[in-house]
Amino acid sequence: MAEGGLTSHRRDPIKSSVGNVAAHRRRQNAVEVGKERRESLVRAKRLCRVSSSCDDSDVCIENDMIIDEEQSILEAQTSSAVEELKSAVSFQGKGAMQKLVGALREMRRLLSKSEFPPVEAAIKAGAIPLLVQCLSFGSPDEQLLEAAWCLTNIAAGKPEETKALLPALPLLIAHLGEKSSSPVAEQCAWALGNVAGEGEELRSVLLCQGALPPLARMMLPNKGSTVRTAAWALSNLIKGPDHKAATELIRVDGVVDAILRHLRKADEELATEVAWVVVYLSALSNVATSMLVKSDVIQLLVQRLASSNSLQLLIPVLRSLGNVIAGDSHTIVAVLLPGCEITDNVIEVLVKCLKSEHRVLKKEAAWVLSNIAAGSVEHKQLIYSSEAAPLLLRLLSTAPFDIRKEVAYVLGNLCVAPTEGDGKPNLISEHLVSLVGRGCLPGFIDLVRSADTEAARLGLQFMELVLRGMPNGEGPKLVEREDGIEAMERFQFHENEDLRNMANGLVDRYFGEDYGLDE
Amino acid sequence: MAMLVDTDTKTELGFPYWKPIRRLFGPESPFFSSGNIERELLAKQVALDLSEEEKHTLQNLVDEGGSREVFCPIVGCGAHLISLEHFEDHYNGRHTASCSVCSRVYPTSRLLSIHVSEAHDSFFKAKVARGYAMYECLVEGCGLKFKNYKGRQQHLVDKHKFPSSFEFFKKAHLSKKARQKQHRKQSIHRSEETSSKMDIEGETIDGLVSAVSKLSTSDSSPPSSISFGRRNTRGLAFVPRAVQREKKAADSVPTGAKQ
């Protein structure tokens, strides 16, 4: 987004504010504010604080933290800026255009200054209808840009504030057109991305008004900040929960090609946004998943996973891979055949993610592996004999809970053959014996003890495999040694009937009156 | 993963055995929430980090010295662009999707064409008068047509959730001088309907060349195929590539080629 330049008289202000201390402080602020936000809902909206083409005055690089009294001053300034704007809009005399752009610019500066722009004050003062007027067809670019920028930051606020943009939507969509200048189209896309990020209702309005095709076309060029902004806006637009938008997007001419091209060649920032588009396409639309799988998307995802170290990029790429594997049986059955190079590559990059220090990557990589391990016997053998197995065993003992749960799915899936019909599934003894021999049982019994019903269920199901499948009746002894009986007995009077029945059933069958009598 | 448990048979355990299945999650599933949070946290940081990157880029541009500003020579525009690339962008945006009759500018060719039909085409008017549904829905891909402007408007509000305040065609509020100018232009347009395209092109190209120094040009709208050179022409008169081709026949660069 860093394009454009300033005229020479602005040299000094830039130099004085470029400094490592100031930058570090701002970063700290961002991280702190970010941590506070972690508890609240994930923000899908983005504030625009720096323009993509800096052909006007100050870049807002001071004043990040505004305190309370400054906030009320800001609100007062905003109300009078709206008044200024109102008079500029109706002014028809000489210099009308400059006056209007000036008023818009002032409005925009006020809305870009702090982390919490005075959106409510602006709306209350009547900014929106004025901004809508400023978007009329034929308005000069500067005017369109400033108006769209104001709307962008208003839309980044609370839900009711984003909804206030409804009157502006058709115009914002129209200005995405191929005849609009790039910065204008991009700013409109940004505003629309914020609106789409608000929720399902607004998304549906935007789709109704035809926002998808022009945004999709903006994603087709090879590079530029406009492409990246369009991809981000699209990801917000198609995120559902309805699948129709995702299906509509994949069918737009040139989109599949552009997605593959960007995954292959784009810089990491653009690839990241495109990867998020793929995440939603593959999570929501069977049509999209099937079209992507038939192309060489898996190869491209694998390449990115292998070569990148950017967490921002790795997360959506890994998730896309997981979605296409989980969503389409064709992937495992026809594309990722055991013995093919592509399959080996997939396992390799998943191992890389398991080794990562990032929790999200470990957890989701284990999830992907669990789905591959739900495939054929050959798939299970592939994973079992790879570097993944020892890693998984280690993670089962040492990793945080959510990772251990996913790892449990992988290991359990490795021990059970693909099910046919409703009968009791067959065990893969070799894997079961080996993994138990390498100490995975305590990890499963630990899950039985957890408060999570799903995890407890997994643990009990694995224990059943051990009790049933270990040779020479070793199963019960092993379980007893690891305090498994005691873990199951906790469920005797447990409120969850399902778990109670499972645990009691196992205890009755394997640790009944006859237990221990042979010794 | 649950199998219905049958607890009636004493021999059968009725246990929900482990069955390997693929698990798919919706994008907003809690399963993915920690990954989603990472995305938005860093998105916020990016807004601040960008100013770092931008500072460096600005620093470099400033260090290179001087400005490359260009003023758009089209009369009445007066836009101030910071570089040749921005000018080309601006030109394509602002001066090529404009109505040749009333100068209104539209962001897409499609909207421009709808406007021209509805506002200036007598054939269109005649069909409307005879009851044909001529007013197209503005939303791409919808395809519906209506017998009058109001009917189309209602459709936009009802079906596409447009605000009722939306107006596709706004009456312009021109000053008296502007109205006179437009009236003159419209009568010229009517009498010149058969003039060749080349004449109009020639007139405008010359106009562009002289406009840099004089900021005045003819009123007719420019042709759609003009491209601009990438060389830094600071200090020289700004000369579009098409003009250079006219003066030196040996130039091998094709018209309208945008690199």
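Placed from the backbone N, Cα and C atoms, the Cβ positions cover glycine too.
Feature list (source: TrEMBL):
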| type | residues | note |
| --- | --- | --- |
| DOMAIN | B:99-120 | domain 'C2H2-type' |
| DOMAIN | B:137-160 | domain 'C2H2-type' |
| REGION | B:174-200 | region 'Disordered' |
| COMPBIAS | B:174-188 | compositional bias 'Basic residues' |
| COMPBIAS | B:189-200 | compositional bias 'Basic and acidic residues' |
| REGION | B:213-232 | region 'Disordered' |
| COMPBIAS | B:213-227 | compositional bias 'Low complexity' |
| REGION | B:237-259 | region 'Disordered' |
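When averaged over the domain 'C2H2-type' (B:137-160), pLDDT in the model lands at 92.
Counting residues per DSSP class in helix, strand and coil order gives 12 helix, 2 strand, 10 coil for the domain 'C2H2-type' (B:137-160). Shown for the domain 'C2H2-type' (B:99-120): DSSP residue counts in helix, strand and coil, namely 12 helix, 1 strand, 9 coil.
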